[in-house]
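Read the structure below first, then the notes.
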Amino acid sequence: MTQTAHPDTVLIVDFGSQVTQLIARRVREAGVYCEIVPFQSAEEGFKRLKPKAVILSGSPASTLDIGSPRAPSVIFESGLPVFGICYGQQTMCAQLGGKVESGHHREFGRAFLEVEKDCALFDGLWSLGSRHQVWMSHGDRVTALPEGFEVVATSSNAPFAFIADETRKYYAVQFHPEVVHTPDGAKLISNFVHKIAGIKGDWTMSAYRAKAVEAIRKQVGGKKVICALSGGVDSSVAALLIHEAVGDQLTCILVDHGLMRKDEAANVVAMFQEHYNLHLLHIDASDRFIGELEGVSDPETKRKIIGRLFIEVFEEEAKKLGGADFLAQGTLYPDVIESVSFTGGPSVTIKSHHNVGGLPERMNMQLVEPLRELFKDEVRVLGRELGLPESFIGRHPFPGPGLAIRCPGGISREKLEILREADAIYLDEIRKAGLYDAIWQAFAVLLPVQTVGVMGDGRTYEFVCALRAVTSVDGMTADFYHYDMEFLGRAATRIINEVRGINRVVYDVTSKPPGTIEWE
């Protein structure tokens, strides 16, 4: 889908911070559209977007290094409000005539600000002399301010923790307002976009729905579209949005790759047939997928195989239907944001996204991606707009490669069936305990490890099942869910008693970072 024009946009210049997406989330939550652009192409992004304000992100880089990232001069020449965060503060000061030095005391974690001076950004939030918690993560620090700036708040280790040039509407902070550990951070960002930049909060999913439908109609015309319906929230919302735009030109195809949760394919088909007048084909391709995946242990190879087979199946089905010109996907904004390396080299790839990494370079259909401007929480709101049942919208995220990446090591039909049963029991216990909505994501993992056990009068040598549950706001950071031991004992007992092939259950207490939510 061609991106629609947004007259009131905030440009976020990304210098390589791990939490730049959180800045965008906070701006969107304030009802304002924004885009993240890497610093290398920020000048082009500035000219293309014609923003009403600019935010400069943090970075692992140091402004003291030769060739370190800089904001394009056009930003400071534009007269627009600018908000610098952490590294963004440092490069703003360095570029405008201030001074940055390597800090004698690196500051990481919780800190407290003392408000030294009234500031327009504090309106309705902070008052003179008040004290507020923030989250620091920096080594370098500003030691001399550019002309026109003054200190408005300090911390014990950061005398220039919050600075402002109110005449030019430049604001800069040494801490991270975008993270949840800065309780008033979201409000500070909201004040910047609304009260400083004067942008209306009219970025809503209702407005997005209308613009997206118009854009889909313009892109597709009278041609046919096949939608890759996985059964997840993203692809389901994409399907309903496209159906609203082009009606019977859309055919949804649900490929059962044999990697879904228990009864998932049947439940998805039933829901769409009962509630929506969609043309839906259910393709059982499990033999084909599992045949190629059997024995494959490398997680990246698994993803590539699954991505390739998905496209092959869709192209084959399109030919059976008489040809389709467009393939629809539920790709989200975090999937398409260009990763940034502040050194100028390639960024480290943690894992390929199944919508991106698995696609072949040559494809016989054009992509329609109506959700590519949205974050996950926005997709859920849009789903409600489109009438998806709350029970469906609130489902835990499920990866495109499915159970293949919850079965580390080589996979087989037997292992998948064992995992599927264990996962179903675990989720059933979570629902019975009334915990499902309190948990961001929960699932079982079948480890490639067998251990000795005793059942009845004999010894067993069976697999270990790991249970995972996390709490999160956005999936970018997560903490393990703190179950009581009675619940864990109950879930483990049911799994061991009811699933042949498992004789030991463990619970994963790793947060993200350092771990990821999924095991592969």
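Counting begins at 1 with the first residue displayed.
Any Cβ shown, glycine's included, is placed from N, Cα and C.
Classification of Cys86 (active site, nucleophile) by DSSP places it in coil, neither helical nor stranded. If you look up Swiss-Prot, you'll see Cys86 marked as active site, nucleophile, on the strength of sequence analysis.
What Swiss-Prot lists as active site is His176 (among others). Counting every protein chain shown, 23 other Cβ atoms lie within 10 Å of the Cβ of His176 (active site).
The active site annotation in Swiss-Prot covers Glu178 (among others). In the three-state DSSP reading, Glu178 (active site) counts as coil.
Annotation source Swiss-Prot lists ATP binding site at Ser230, Gly231, Gly232, Val233, Asp234, Ser235, Ser236, citing sequence analysis. Within the same chain, the residues at least 6 positions away from Val233 (ATP binding site) whose Cβ sits under 8 Å from its Cβ are Gly330, Lys376, Val379, Arg380, Gly383, Leu388, Phe392, Ile393, Arg395, Pro397, listed in sequence order.
Residues or ranges marked as domain 'Glutamine amidotransferase type-1' in Swiss-Prot: 9-202.
As annotated by Swiss-Prot, domain 'GMPS ATP-PPase' applies to 203-395, with the evidence given as sequence analysis.
Using His176 (active site) as the reference Cα, a 10 A cut-off selects Cys86 from the recorded positions Cys86, Gly231, Gly232, Asp234, Ser235, Ser236. A helical conformation is recorded for Val233 (ATP binding site) in the three-state DSSP classification. The Cβ centroid of Ser230, Gly231, Gly232, Val233, Asp234, Ser235, Ser236 marks the ATP site; residues of that chain outside this set whose Cβ lies within 8 Å of it are Leu229, Val237, Ala238, Gly330, Phe398, given in sequence order. Within the same chain, residues at least 6 positions away in sequence whose Cβ sits under 8 Å from that of Gly231 (ATP binding site) are Leu254, Met260, Glu264, Ala265, Asn267, Val268, Phe398.
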